[in-house]
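*Asks:* Dropping the structure in here first, questions after.
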Amino acid sequence: DAINSPVTCCYTLTSKKISMQRLMSYRRVTSSKCPKEAVIFKTIAGKEICAEPKXXWVQDSISHLDKKNQXPKP
């Protein structure tokens with residue numbers, strides 16, 4: 001239930017580019033309960049890293065993950 005799920009907020013955003021090969025998934029933080037919007041990348045190692053959604057490498061990584069995670073069409 002989205003109403004009762006805990007909200008994860010990012011208070012510090014990395015400025016360091018993360019290699020696309022290390023990324024497994026992402027989710028956007030857009031809750032009004034959070035001080036800033038962010039993208040949380042989950043790495044293959046299981047770490048969660050907050051990033052600035054407007055940064056060019058973040059947008060490139062998101063589109064890379066979207067393409068990678070699309071199920072092949074029959």
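Every residue number used here counts from 1 along the chain in the order it is shown.
Placed from the backbone N, Cα and C atoms, the Cβ positions cover glycine too.
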*Asks:* Which residue in the list Cys34, Cys50 does Swiss-Prot annotate as forming a disulfide bond with Cys10?
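*Replies:* Disulfide pairing in Swiss-Prot: Cys10 with Cys50.
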*Asks:* How big is the gap, in Å, between the Cα of Cys10 (disulfide bond) and that of Cys34 (disulfide bond), rounded to a whole number?
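*Replies:* Here the two Cα atoms are 7 Å apart.
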*Asks:* For Cys10 (disulfide bond), which of the three DSSP-derived states applies: helix, strand, or coil?
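*Replies:* The three-state answer is coil.
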*Asks:* Give me the CA-CA distance between Cys50 (disulfide bond) and Cys9 (disulfide bond), in Å, as a whole number.
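*Replies:* If we compare the Cα positions of Cys50 (disulfide bond) and Cys9 (disulfide bond), the gap is 9 Å.
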